[in-house]
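Pulled from TrEMBL, these are the features on record:
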- 51-294: domain 'ABC transporter' (DOMAIN)
- 403-424: transmembrane segment (TRANSMEM)
- 436-457: transmembrane segment (TRANSMEM)
- 477-504: transmembrane segment (TRANSMEM)
- 513-535: transmembrane segment (TRANSMEM)
- 541-564: transmembrane segment (TRANSMEM)
- 629-650: transmembrane segment (TRANSMEM)
Amino acid sequence: MGSSADDVMMEIEACKPQGNGLVVGGLSPLSESLWKDKTNTDVVGDVSARLTWKDLTVMVTVSNGETQNVLEGLSGYAEPGSFTALMGPSGSGKSTLLDALSGRLAANAFLSGTILLNGRKAKLSFGTAAYVTQDDNLIGTLTVRETISYSARLRLPDRMPWSEKRTLVESTIVEMGLQDCANTVIGNWHLRGISGGEKRRVSIAVEILMRPRLLFLDEPTSGLDSASAFFVTQTLRGLSRDGRTVIASIHQPSSEVFELFDRLYLLSGGKTVYFGQASEAYEFFAHAGFPCPPLRNPSDHFLRCINSDFDKVKATLKGSMKLRFESNDDPLDKVTTLEAMRTLIDSFRTSQYYYSANEKIEEMSKVKGTVLDSGGSQASFFMQAFTLTKRSFVNMSRDFGYYWLRLVIYMVVTVCIGTIYLNVGTGYNSILARGACASFVFGFVTFMSIGGFPSFVEDMKVFQRERMNGHYGVTAFVISNTLSATPFLILITFISGTICYFMVRLHPGFEHYLFFVLCLYASVTVVESLMMAIASVVPNFLMGIIIGAGIQGIFMLVSGYFRLPNDIPKPFWRYPMSYISFHFWALQGQYQNDLKGLMFDNQTPDLPKISGEYILEYVFQIDVNRSKWIDLSVNLSMIIIYRIIFFIIIKINEDVTPWIRGYIARRRIKQKNANQNTTVTPFTLTQSPSLRNFVADRPSSSRK
Ligand SMILES: Nc1ncnc2c1ncn2[C@@H]1O[C@H](COP(=O)(O)OP(=O)(O)OP(=O)(O)O)[C@@H](O)[C@H]1O
């Protein structure tokens, strides 16, 4: 990859005298200067991001159909040049607040309140803001350097020379302290890769590469050792110092990390406990009657004051270990945490911090600033499509589970078919055997493509993350996904098709052989496209496989083998279902390909010879006037149709679902208000329709 980390460090050192406005932090002046010079994007000034949120309430529907508020009436703001830390106990609503602000709430979550970016309602997804979520959805087979390099190619302008993109990549690697593992793969189910903390840093590196104007991070320091957490936070603070707006939820910051925060937003049970200067939180707690005892990390103290999850445990232990818990220094020993939390929430609502925050929000909301468009990618469509195709191809070729494993299984299964139908011949008994063989190949063998579903889901997760951050468009993704898979599918179907064709000794002749493998290729690719479309709506492995298997089972039933075409019940199963089924077209074509032109006889003088045409017409009920090539063309066009369906599903998720959800949200909130007799103005910011499936899919424990 060219320049080493040491070279980049030297370049960074050399750049230091110029300064470039960097005040504090690990953000290298080199990457800053490169970024500004080559992209003509200087974020300081007009295009900075001022974010305000007011009376933000998030309501979720739980399994029994009841609703519950996860966030209640939160207000706050984030300014350019500042680093805002969200803190609170586990389950206090930090991730939900970030999801709400970035427009990525789960499907069952509804938002009310106002979120303004530069004084305007805005879509914060698809690149206007970058969001590093808790899940590190990265491509496991790529190395750290490759991951960041591909990301650079996907988003940096085409006119920027590769040498400069590479320098930017290298400096970002250095900023995130990833130089030692730069050539190590990320890792997946069969490949041991970098550590969890390193993955976290790669996820951050990918987003800060583009120096976003507004950056959300959900627990960027989780899984990092204290030194790494400090340097990563310092880098984020450095990023904010250059006019960017950075909001991050942080668990357990050390006192050094805490000192790097500009503003602190403390949450507990979905309510604001404190919002103001981080340095003034200490004073606020002292005034409210909960001063931080000497020698205790302030952030530990704040969290202990507002985490009521263990009140019962504490009370029980207090009874049994009285002395251990009583101390004159600690105000928390005199009240339960629930009481402390309530006191703090009430104190905040009557404090100067609350009033000055509200004044500031009002002031910021009135100023109509620049409309920030998507800052996700500046690369051309062709560059995006080319890079994605290349990246996807590299991933498919390195991931044993994507195609190689399937190739082995396909070969084993087709050898089994070959031995069972070995040299099938042209006796009477071969007529049904040929039909059964074709039915098994186009039914079961194509069905095995379902095995790729877990890999599709992984691909979709990476796509959702990158798409929501505006790295590229849907069209580029769909095209690249189709192109990169083609060589592997051709390889799999030609090898397994050849084994089967020659072992069974199907209708001799090159044209017949070519038709058989092409038909197999078309069928496997249709299943692949179908499963990809399913993966875009059902991100759960098991559910997706069950749905895919169910659809294929229905298609197989109406393929014309298990029930002859004319006997399939007409209104629904024959028309339209059998015509929608790709198995039907594949079988019709292969029957003709195999039987037409053959004569079947039992070498006995008293039994007549039967022509393949006769069998086609009267046994298998095939329309012999239709060319087999038409059947193949229909199957090939189904590949395109399923890819278009895949594209449409993604677009519907992105563009139509938010409208539907907005409508449902308005109705739910209205209903709730009517029940409670209160008024809340419903406003649903663009939700993350695609990502939300994945958020909803995750068990709540995995989102911690
Ligand atoms: N879509 C949802 N459906 C049901 N409950 C939800 C949903 N989103 C959030 N919650 C609940 O809301 C609460 C807050 O969740 P959230 O993930 O925002 O907490 P958090 O502060 O980020 O926690 P952690 O620090 O552990 O990540 C939790 O109890 C969670 O189970």
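The backbone N, Cα and C atoms fix where each Cβ goes, and this holds for glycine too.
Where the annotation comes from TrEMBL, it is an automatic prediction and has not been curated.
Comparison of 436-457, 477-504, 513-535 by number of C-beta pairs under 8 angstroms to the transmembrane segment (541-564) places 436-457 first. Model confidence over the domain 'ABC transporter' (51-294) is summarised by a mean pLDDT of 89. For the transmembrane segment (436-457), the neighbouring stretch richest in Cβ pairs under 8 Å, chosen from 403-424, 477-504, 513-535, 629-650, is 513-535.
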